[in-house]
Amino acid sequence: MDAGEEIENEEEEETRTHVPSTPGPSTPLRNSYTYHSPTPSGEGPYILGVDEAGRGPVLGPLVYGVAYCPVSYRNQLEELGFADSKTLTPEIRSNLLETLQSDPDNLGWSVRVISPQAISSGMLRRPATNLNRQSQDATVMLIKDVLDRGIRLSEVYVDALGTTSTYQAYLSSQFPGIAFTVESKADFKYKIVGAASVAAKVTRDACLEDWTFEELEYKSPDVTLGSGYPSDPKTQHWLKASLDPTFGFPKVARFSWTTVKLLLEKQGHAVQWIDEGQESLIKAFESAQGLDKDRCGLTRELGIRSIATL
């Protein structure tokens, strides 16, 4: 799938056994993408919740999710069982995702799946696009997408870490007329954020469990990926078993993570760049004496001389 591609979930596709917001069976996650459920038809205004899954893991994507419903539906939402997805079992989370899809007139949801390679590329480029900025961009993109689908939002609740007041002010400046609440543990306090948490978590887990390696010659070790968190013994085992000393890891790994960097430094082959230690290049830029002082040897050999001084 191309970056930014949207997958529309048609109603007749509800019989699919896989999670609809994943790439699909035997399909590699090559690029980041956005998934949208059918657009609710219930009368607005709407409330919307934002949460993520996979910020800390060394393996797999980072997924941002939103869920939204009419303000008038708030009381019904309270009875559906949504909560912080980390406190729920996988079975309950899967059932809640089905609940989220059970009332398409009033419930809508979307996810932005950021691939491991996109995360690492952003963090390793110069200047870097750190994880906070990538998360911020995903949140803004999802809210814009919902508005573009004709949904009138009056309240948005965001689960976030760090200085929430600064982030709340930023989002309010981007979307005037919408009341933003940005808090830590918002997925526990607000059911609509809990619903977004479930959408993000179920999507990420399914992406990792059904991961299809795009590397044609890669032979995956006979061990599971685990949860993807650096502290998970299964993930640690997979990382050690999967490291190729020359080529590193497949693209499921986030190369910008310290866990990966340390393994590559300890167990990977050292790389010597072709210009390292070449005495001829070093000598060419050494200072000379007399009139040629402070001029490199290359300029002398080419007969290049100064004609003015700025």
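Here the Cβ of each residue, glycine as well, is placed from N, Cα and C on the backbone.
TrEMBL does not curate its annotations; it predicts them automatically.
Noted in TrEMBL for the protein shown:
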BINDING   ASP51, GLU52, ASP159  divalent metal cation binding site
COMPBIAS  1-14  compositional bias 'Acidic residues'
COMPBIAS  28-40  compositional bias 'Polar residues'
DOMAIN    45-269  domain 'RNase H type-2'
REGION    1-40  region 'Disordered'
CB contacts for GLU52 (divalent metal cation binding site) [other CB atoms within 10 A, all chains]: 25
Neighbouring C-beta atoms (10 Å sphere around the C-beta of ASP51 (divalent metal cation binding site)): 29
Additional residues around divalent metal cation, ordered along the sequence, whose Cβ is within 8 Å of the centroid of ASP51, GLU52, ASP159: VAL50, ALA53, TYR64, GLY65, VAL158, ALA160, ALA186, ASP187, VAL193, ALA196, SER197, ALA200
Across the domain 'RNase H type-2' (45-269), average pLDDT on the 0 to 100 scale: 94
